[in-house]
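Below is one structure, written out as structure tokens; comments come after it.
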Amino acid sequence: MASLYFTTPHFSHFKSAKPIKSLNSNEPIHLTQFNGSTTNHQTSYKSYFHAISSLCKDGQIQQAVDLLTEMDSRNIPAGPEIYGEILQGCVYQRDLSTGQQLHAQVLKNGAFFARNEYIETKLVIFYAKCGAFDIANDLFSRLRVKNVFSWAAIIGLKCRIGLNEEALMGFHEMQENGLLPDNFVVPNALKACGALLWLGYGKGVHGFVVKVGFDGCVFVASSLIDMYGKCGALEDARKVFDGMIERNVIAWNSMIVGYIQNGMNEQAIGVFHDMRVEGVEPSQVSISSFLSASANLGAIGEGKQGHAIAVVRGFEFDSILGSSVLNFYSKVCLIEDAELVFDRMLEKDVVTWNLIISSYLHCGLTDKALDMCHLMRSENMRFDCVTLSSILVAAANSSNIKLGKEGHGYCIRNSLQSDVVVASSIVDMYAKCGRIDYAVQVFCSTTKKDIILWNTLLAAYARVGHSGETLKLFYQMQLESVTPNVTSWNSLILGFVRNRQVTEAKEFFSQMQSLGVHPNLITWTTLLTGLAHNGFHYEALKIFQEMQESGIKPNTISTSSALSACTNVTSLQHGKAIHGYAIRHDLGSQISISTALVDMYAKCGCLSRAKMVFDNIASKELPVYNAMISAYALHGQAGEARAVLRNLEEAGVEPDGITFTSVLSACTHTGLVNEGLETFVDMVSKHHCSPSMEHYGCLVSLLSQSGRVDEAFRLILTMPYEPDAEIIGTLLAKCRKHNEIELVEQLSKYLLELEPDNSGNYVAISNAYAAAGRWDEVSKIRDSMKEKDLKKSPGCSWIQVGEKLHSFIAGDGSHPSTEEIQATLDLLGTDMNSSA
DNA sequence: ATAGGGTTAG
């Protein structure tokens, strides 16, 4: 059919040339071989054509243009196919300006030349492929004859710039004009169907394909697989795939990608293996997709294999494949491998940089992520919206509002804040930095609100327990036609449990189900932990059961929450059952579960089992050491607690404040003064851990209970904190000797200045005076309580009872009569009974 | 005709 381009009488001497098979074909165009009967003129024309043609295929467009000029100067008129050849070269090189110069020359050659169908079509294709949408469209609309090739060019262009409906309208219109779509337009039409998720239209095209017999074409079949995959019709995609007589690597890849896009990563990996079994060499695309599937599944073995295949096949330095490898290592948190891949990559583009930054964030290495941002800038790479959303996440994670504001400012200066992802990151950052007011401001100023943006603000209110605001927003989003998804419902429930509204949380939990929204793992876990935090431990355990019945498999977070519920109700029975569950579901080796188990067994009185769990952990982390130390502290085994501390140090784990609080309280409970002091000294000198108020409290308690009240008092005076009522009370409670009376006076004065209205303090003071035999002071305390209007407090009554009893014993030594005892007890009054 | 990066809930 292409021979039609050579019917123009003016160029009839080109008739000897074999017709061009196809404009889009990659096959070289063959002219008839030189033979003796042709004229010199023809010979040199053919030589020029050959030379220009091969220069264009080599991408040497300028040299080809020079030859064209030479032809002109030798008065050899160049025909349309020479212009076509150079234009095609421009298409390959995406060389818009040379093509435009050629276009100008075409116009100079006169209307007859310019209106040649072949040239006109080539020009449309050229402008379409070089992205000059308006020019291509304009030329196309002025075409007298719109052939399949120009239609294909314009439909392809519309596809590429996302005008999918228009592309399909064109596909329709060309058929109405009596043109039969060829196997080059059909893939574009299918691509548009896939992008629009128009499965019905796509099936129609599939019908057409079968009718005209294009179904044997790998291009068309691959496009069908892709279209079905994008529309989520995996069975149809598979049917086309299975029906293919010959599959090339692209068909295989389309199938793999289809599975991945629908979350069917296992199947994608299966197809990749089948492909290798059939001896088809995986391309960059195959390996890159395989790596995505491995990353999504956290399949470390597969992903590493993918990396190895990439290296073996020599794709190691491919930019896109390299970033897929990087992404895989990042998602499975093999950060050292990710770093290695990054360092070895030859061309690092903005995606590569963004990947290494998000790798660090994913592994919780916020500072390293920020270092990478600085490095990225110093390598003259510009931040884009992906970089910024990562920076904002870094700011949110570290509650660094200064950094967050800088990021926000950068977004405004570079007009990135209209990006929905960036907007959500800004809102989330302000909320996590404690500035919900700013978060709301940004939220309101964002014009395009997607569901994630709504959910970000919902979560912000929910986290801090503003359940009313959460609910209001939840209704408001529906007024603005955004239907809440599971995440929205989860935040709503979170808001209630964080505000102690357990009833409401349960109410909305059942409401979401009646509206057809299925609770997911996070919903169940939110409810479970929420119930437990509000003291409803048995209900939490019931939820743990129910979630399994509904087919949701608890993970480490829900399981350890359930274990902590057992701990709180000291139910060894439930605890053992959940321990069994964890083992059956391969969660037993998870460090967070082991930690919860140690805690549970210890608090349920089963120290030996706690130790057993602890000893079975292969690589221990700080929290589980802390749990074990606190278990020994609880059971009064200070020596064992200190032994675990030594193990921890030997294992190279750095202890924290909690570790020392537990060790110190173990020493206190067992009265090991020297060991306690030694621990405190080690904490400061060996571990450079600055002692908290709580640590000083332990030490004061330890010293005072073994009679070293003066030392304890000196400690209170020299510690770098303002002493609070608790620590003073601790010491005061241990002042039990006559010679400590001055100390009692000082402490009392201080305590009453701190908390003049706390009746508990008065009792503590009067106890101290009573122990010292200073009943005069006791009655003064009682009087000042009455002055302070604290006489109704049970504490005041107790003091009076104490005074009375003392007078019986110390007075004349006589035994009190029944009436006297009754009168004394009456002093306690109704308050005493009610508070008992 | 097919491939790479960022946002929300426990």
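Using the three backbone atoms N, Cα and C, a Cβ is placed for every residue, glycine included.
In TrEMBL this protein carries:
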REPEAT    A:44-78  repeat 'PPR'
REPEAT    A:147-181  repeat 'PPR'
REPEAT    A:248-282  repeat 'PPR'
REPEAT    A:349-383  repeat 'PPR'
REPEAT    A:450-484  repeat 'PPR'
REPEAT    A:485-519  repeat 'PPR'
REPEAT    A:520-554  repeat 'PPR'
REPEAT    A:621-655  repeat 'PPR'
REPEAT    A:656-691  repeat 'PPR'
REPEAT    A:758-792  repeat 'PPR'
*Same-chain residue ranges lying at least 6 outside the repeat 'PPR' (A:656-691) that approach it to Cβ under 8 Å*: 622, 625-626, 629-630, 632-633, 636-639, 641-642, 645, 648, 698-699, 701-703, 705-706, 708, 719
*Apart from its near flanks, which chain residues at least 6 from the ends of the repeat 'PPR' (A:248-282) lie with a Cβ under 8 angstroms of it?*
218, 221-223, 225-226, 228-230, 232, 234, 237-238, 241, 289-290, 292-294, 296-297, 299, 302, 309, 313
*Positions whose Cβ lies under 8 angstroms from the repeat 'PPR' (A:758-792), at least six residues beyond its ends*: 725, 729, 732-733, 735-738, 740-741, 744, 747-748, 751-752, 798-800, 802-803, 806, 810, 831
*Where else in the chain does the repeat 'PPR' (A:450-484) make close Cβ contacts, counting only residues six or more beyond its ends and a cut-off under 8 Å?*
420-421, 423-424, 427-428, 431-432, 436, 439-440, 443, 491-492, 494-496, 498-501, 504, 517
*Per DSSP, how many helix, strand and coil residues does the repeat 'PPR' (A:147-181) have?*
26 helix, 0 strand, 9 coil
*On the DSSP side of things, how many residues of the repeat 'PPR' (A:758-792) fall into helix, strand and coil, could you say?*
26 helix, 0 strand, 9 coil
*Tally of helix, strand and coil residues over the repeat 'PPR' (A:44-78) according to DSSP?*
27 helix, 0 strand, 8 coil
*What are the DSSP helix/strand/coil residue counts across the repeat 'PPR' (A:349-383)?*
26 helix, 0 strand, 9 coil
